[in-house]
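Database features (TrEMBL):
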{"type": "TRANSMEM", "residues": "A:12-28", "note": "transmembrane segment"}
{"type": "TRANSMEM", "residues": "A:40-58", "note": "transmembrane segment"}
{"type": "TRANSMEM", "residues": "A:79-96", "note": "transmembrane segment"}
{"type": "TRANSMEM", "residues": "A:108-127", "note": "transmembrane segment"}
{"type": "TRANSMEM", "residues": "A:148-165", "note": "transmembrane segment"}
{"type": "TRANSMEM", "residues": "A:171-189", "note": "transmembrane segment"}
{"type": "TRANSMEM", "residues": "A:210-228", "note": "transmembrane segment"}
{"type": "TRANSMEM", "residues": "A:240-264", "note": "transmembrane segment"}
{"type": "COILED", "residues": "A:273-300", "note": "coiled coil"}
{"type": "DOMAIN", "residues": "A:454-685", "note": "domain 'PPM-type phosphatase'"}
Amino acid sequence: MQQFLRRVKQIALPIAISSWLLLLFMMLMRTGGIPLQLSIPNWALLLTQGVFAAAVFMHRRYQPDPLRGTDFVGLLRRLLLGPGLLATICVGLHLVQRLTAAQPSNPVFFTIVYGLNLGLFIVFLAYTCYTWRALVLFRAPQLVHKQWLWFELILGATLLLRLLYIDIPAMLAGIILGGVAAFGVYLSTHQRWVAYLNRRQKFVVIMLQLALLLSLGIFCVYFLRIQFDPLLVAPEPQHAFLMLTVFFAAFYALMGMLVTLFNLPTAGVFEQKREEMLNMQRLTQEIQRGQTEAEIYQTLLDAAVQTLDADAAWLRIDGSPGYLGQLHNIEAEQAESVRALLDSYSITEIDYLNNDLGGSTGFQQLNLPFNSLLMMPLRSQKHLYGALFLFREPRQGFERENLSVLQTFVSQTMLSVENLQLTQAAIQNERYKEELKLASSVQDSLIPKTLPTDNWFEISSHAQAAREVGGDFYDFLHLPGRRLAILIGDVSGKGVTAAFHMAQMKGIFHALMQENPLAKDDKDRFPLPSKFMAMANRALVHCLEASSFITASLYIVDYENGGFVFARAGHCHTLYYHSLKEEVSYFRSTGLGLGIIRTDGYEKHIKNQFYDYNPGDVMVIYTDGIVEARDGNKEEYGEERLLAMLEKTYYLEADQIKQAILDDLNEFSYGQPIHDDQTLLVIKFKTSQPTSPA
Amino acid sequence: MKITQTPSDTTLTLVLDGELDASSSVLLDTELSNPAVLKYQKVLIDCQRLNYISSAGLGVFISHLQRFQDANVKLVFFNMQEKVHNVFEILGLDSLMTIVPSETEAAAL
C-alpha cells in the first residue's frame with residue numbers, strides 16, 4: 001500500500017499533464033481543429049477529464065502541508081495570488097472578450113480557451129481544497145482526520161458516478177449530493193484557526209476570503225454561461241464532483257469569513273487575554289532567568305504595565321530604607337503622597353481599586369493627572385515585601401478582572417523572590433559548611449598522624465570531636481637525648497574559636513620546646529614542664545578572651561633514664577598503673593589552668609612532678625570529654641569507672657587497653673550524643689632493651 | 001538554671017539552682033556584670049543545688065575574678081557538691097577562689 005501511494009505521488013503530475021493534453025487533443029479533433037477523421041466518443045472525453053481531475057487532486061494531496069506554523073494570512077495569500085489569480089485572470093479575460101465581442105469567436109480558439117480554463121479551474125479547486133484541509137485539520141483531533149479521509153473518498157466516488165453512466169433517479173442523486181454537501185458543511189465548521197488571528201490579521205483574512213469567493217464566482221458564471229454555448233464540443237464536465245468541490249471550497253471560505261467577521265468585535269478581548277497569557281508566559285520565563293530580586297521586580301512591573309495598559313506605575317519595595325522601589329512615569333513625591341494617603345485610610349495590606357480618583361476628596365487634593373488607581377500588596381504567606389501601584393488617566397480605567405490577573409502575576413513573582421532567597425540561603429549555608437569542612441581538615445592536620453615509636457614504650461591514641469572542629473589537642477615532640485615531650489590539652493568552649501586557640505597552643509608548644517643554645521647545663525636546654533606552662537600562660541593572656549581558658553598537661557619522658565617529669569595545668573588527673581606496687585591510682589598534683597591568672601604570679605600555682613617508671617607501667621592521659629560523658633540518667637562516666645577499667649586491663653597492649661576503655665565508655669553512654677570532644681592516650685612502658693644512644 | 005538574689009547590707013547571696021552550662025552561664029554573666037554587685041563587700045554563691053558546671057560556667061567566674069579583686073569584693077562559694085568541687089579543684093581554682101563548706105563559715109569571713 002505504502003509503495004503504491006509512493007508511486008501515485010510520483011506519477012500524479014505526469015498523468016495530469018498528459019491527460020490534459022489528450023483531452024485538448026480530443027476536443028480539437030471534434031471541432032475539426034485537427035484534420036484527423038476519428039470520431040471521439042463522449043465516454044473517452046469524460047474518462048480523460050476524470051483522470052485529469054483525479055491526478056491533479058492526487059498531486060496536491062501529497063504535497064507537503066502548505067501551512068507554515070500559524071501563518072494563516074500567508075497561506076491564504078499564497079493561494080489567492082498563486083493559482084487563484086492565474087485562473088481568474090484567464091477566465092476573466094475570456095469573459096470580458098465574450099461580453100465585448102459581437103461575433104462568436106473561432107471554434108478552435110474557443111476550444112483551446114475552454115480546455116485551458118477547465119484545467120486551471122480544476123488546479124485552482126485542488127489548491128483550495130487542500131488549503132482548506134490544512135485549516136480543517138489544524139490542531140484537530142484524530143477523529144476529524146478520519147472524517148476528512150472519508151470526505152475525500154466520497155468525493156472521489158462522485159467522479160466515478162458520471163464515468164460509469166450509472167443511471168440513478170434524480171431524487172436519489174439529489175439525496176446523495178445533498179448528503180455529501182452536508183458533510184462538507186459539517187467540515188466547514190472546523191474553523192479553529194480563526195482564534196489564532198489578531199485583529200489586523202482578521203481584517204486581512206476577510207478581504208482574502210472575499211477575493212477567493214469572487215474568483216470562484218467568476219468561474220461559476222463562466223461555466224454556467226458556456227454550458228449552452230453552441231460552440232461547446234465537449235460534454236458537460238464532471239458535474240457532481242465539480243459542484244461538490246466548488247460548493248465545499250466556497251462554503252468553507254464563506255464560513256471562515258463569517259466566523260472571522262463575527263469574531264471581529266471580540267478580537268480586542270481575545271487579544272487582551274492572549275496578551276495576558278503571553279505576558280504570564282514571558283513573566284514565568286523571565287522570572288526564572290532573573291538572577292536578582294531587582295530583575296524579577298522589574299519584570300513584574302513591565303508585565304503589569306503592559307497587560308493593564310497603565311499610564312504610570314510604582315513598585316514599592318520595603319526593606320531597604322531610602323529605597324522607594326521602581327517608578328514608571330511618576331514622580332517619587334507623587335508616589336509617596338499616594339502611599340501616605342492610603343496609609344491614612346489604613347489601606348496597606350489589601351487590594352485596592354479606585355476608578356474615580358477625582359471623586360474622592362483625599363485624591364483631589366493630591367492633584368494627580370490620573371483618575372484610576374489599582375494597588376496590590378506584594379505579600380507572601382508570612383511577609384509583606386511592598387506593593388504595586390498602577391495608574392491610568394481615564395476614569396473606570398481598571399476592571400475587577402484585572403485584579404485576578406495581577407494577583408497571578410504578583411503571586412508568581414513572590415514565589416520566585418522567595419525561591420531566590422531560599423536558594424541564596426542554601427548557597428550561603430553550603431559555603432559555611434564547606435568552610436567548616438576546611439577548618440576541620442586543617443585542624444585534623446594539626447593532630448599528629450604518626451605516633452612516636454620506640455622499643456621502650458607503646459602509645460595508642462583516640463580523638464573524637466563533638467562537632468566539625470573541636471578544642472581538644474595533643475602533640476608529641478622528640479627531644480634530643482632519647483626524650484619525648486607529650487602535650488595534651490583542652491580549650492574551653494567548642495567550635496571554631498576553640499579550634500583557633502588549639503592551633504595557637506600547638507604553635508606555642510613547638511616554639512617553646514626549642515633547644516636553648518645558651519644553656520650551660522644539659523638540664524636547662526629545654527624548659528621544665530612548669531616553666532613551659534608559665535611561659536605558655538604569659539603568651540596566651542594576650543589572645544584568650546576573659547572567659548576562656550585552656551587546660552593542659554605536659555609530660556617529658558626520659559626513656560634513657562626511665563623517668564618522666566610532668567606538670568598539670570588544670571587538666572584532668574593522670575591515671576597510672578604502678579607495676580611494682582600492682583596498683584592503679586591518679587597523680588593528684590595541683591596546678592592551675594592557663595589563661596586564668598593574667599598577671600605574673602602564675603608560677604606559684606604550677607608544680608612539676610617527677611616519677612621513675614618501671615617496665616609494665618601504664619599511663620592514661622585524657623580530656624574531660626571522657627570522664628564527663630553521660631549516660632541516659634545524666635550520670636557521668638567519672639574517674640572511678642576509668643580507674644576500674646585500667647585495673648582490669650593494665651596487662652594488655654596499649655592499643656587493647658585503649659579499645660577496652662572506649663568500648664566500656666560507648667556502652668555506658670550508648671544512645672547519648674557526644675557533647676564534648678573526647679581524647680584518650682594510653683602509654684605503656686615496656687621492658688627496657690637498652691641500646692646505647694647514638 | 002535558676003538564679004535567686006538575696007541582698008543584705010554588705011552581702012549579696014546568689015543561689016544557683018540547676019546546671020550551669022553554656023546557655024545558662026549567659027544569665028549568670030549578666031547578673032555578675034551588673035555594676036551594683038561591686039557595691040557589696042561580699043558576694044556569696046550558694047552552690048547547694050548546682051548540679052553541674054561546664055567550662056563556660058567556670059569561664060564566667062574566671063572572667064569576673066580580677067574585677068572583684070580590684071573592687072575589693074570577696075567572692076565566696078559555699079555548700080558545694082562533691083563533683084562540682086572536684087571540677088574547681090582539677091582546674092586549680094580552689095587555690096584562687098574561696099570555697100567553704102557552709103553558709104555560716106562564708107558569712108564569718
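Using N, Cα and C of the backbone, Cβ positions are placed for all residues, glycine too.
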Result, the transmembrane segment (A:240-264) in contact with the transmembrane segment (A:171-189) (3+ CB pairs under 8 Å): yes
Recorded stretches the transmembrane segment (A:210-228) and the transmembrane segment (A:40-58) touching, at least 3 CB pairs under 8 Å: no
Intrachain residues whose Cβ lies under 8 Å of the transmembrane segment (A:12-28), provided they are six or more past its termini: 34, 40, 44-45, 48-49, 51-52, 55-56, 58-59, 62, 108, 111-112, 114-115, 118-119, 233-234
Same-chain residue ranges lying at least 6 outside the transmembrane segment (A:108-127) that approach it to Cβ under 8 Å: 20, 23-24, 27-28, 30-33, 49, 52-53, 56-57, 59-60, 79, 82-84, 86-88, 90-91, 94, 215, 219, 222-223, 226, 229, 231-234, 237, 242, 245-246, 249
